[in-house]
Amino acid sequence: MESVSTERSLLLTSRSSRDDHGTNTSIGDDGEGTWGGGSATAVVVLSTLIAVCGSYVFGSAIGYSSPAESGIVDDLGLSVAEYSVFGSVLTIGAILGAIVSGKIADLVSRRGAMGISQLFSTAGWVTIAFSQGAWSLDIGRLMIGCGIGLISFVVPVYIAEITPRNLRGGFATVHQFMICFGSALTYFIGAVVNWRVLALIEMVPCLVQLLGLLFIPESPRWLAKVGREKEYEAALRRLRGKNADITSEAAEIKNYTEMLEQISEGTIKDLFQKIYARSLLVGVGLMVLQQFGGTNGIAFYASSIFEDAGFPSKIGTVAMAIVQIPMAVVGVLLMDRTGRKPLLMVSAAGTCVGCFLVGFSFLLEDLQRWKTVAPSLVFIGILIYNGSFGLGLAGIPWLIMSEGYLCFRYSRLT
């Protein structure tokens, strides 16, 4: 029976097929039954836009260090090692934020977690903008990392919990798109303003989200989970519209919450059962491939790579931004049509070619050959890498990880 229920959950959670009319028939992230359609009300759209301001902050934090590198190094006299610490400490902060993100989101609510993340991010950007040395830069960068670590969890969860099932997949992709958009726009802006002004500009979406959180409803599922029944029905009514029939969805939320209360909470040890071995290997393996494939090195230090290759850094970073957004859009459009695996294979192959071209061009420079061609090869290689990464590797591993988690959670309910 256990294997049957597991296969059932795998089919239900991983499927993202559509019926003949284009309606999404896959199971939602809540493991619900058959509740389906709904329209995107103004409140749902506004709430999603406010939430993905955090996704933009995530992307801008990733994109900041590349256009700001030359200005920070020149103004503050940082060594290569000191600036490398500044670039990488963001990841340390993100790890810390991600570790506690689930607990904070459950404890203080989804809106509360987003607010806390933006307080960290705002304080971090202010610290960087007025820094006079390496230590203050690192502290500011670490604070931003903690903020985006929270955002990486709570924004997708909030969007999934407020949107109707038939629109959930489309709305969820906005999170990844805004990360790409934030990174790309930061490359553009960083090409025309100095690093201190850029840091102050990056505060704007933080403040927009902090202010916007006052005007959007809390997640009905979180309200139901903490026993605030009247409030969750009111929030659901506000999200679906005054004339919408919320009886079925409200009952689904209540029943699901009661089911969660009846089962024991999963542990890390449970993941290492034989039935989860393949899913765990695929999910973790894809995340390792994504993180160790060079994305942070290129995103954080693109300008110095271009300079070392003898290619104009501003032209290079702006071109990266131009390529990044369209490829992210293409990835979103193709994901359900081609499937995860083919798109992921094409993306991985493209990043491999991009890395090879960059490495080969620097080898040619060391050998004192094709000196006029090598800079162009670096430029082409980075554009191929950036475009290919945005096509699949940027978002698909996160999606597959979430689907694996849903499979684990749903199998415990069945």
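Numbers run from 1 along the shown chain.
Positions of Cβ are set from backbone N, Cα and C atoms, glycine also.
If you look up TrEMBL, you'll see 47-414 marked as domain 'Major facilitator superfamily (MFS) profile'. The region 'Disordered' annotation in TrEMBL covers 13-32. According to TrEMBL, the feature transmembrane segment maps to 42-63, 83-101, 113-133, 139-159, 171-189, 195-216, 280-303, 315-335, 342-364, 376-400.
At the 8 Å Cβ cutoff, the transmembrane segment (139-159) and the transmembrane segment (280-303) share fewer than 3 close pairs (sequence separation 6 or more) and do not count as touching. Within its own chain, the transmembrane segment (280-303) has Cβ neighbours under 8 Å at 62-63, 65-67, 69-70, 87-88, 91, 183, 271-272, 313-314, 316-317, 320, 344, 348, 351, 355, 382, 385-386, 389, 393-394, 396-397, 400-401, 404, counting only residues six or more beyond its boundaries.
In the predicted model, the domain 'Major facilitator superfamily (MFS) profile' (47-414) shows an average pLDDT of 86.
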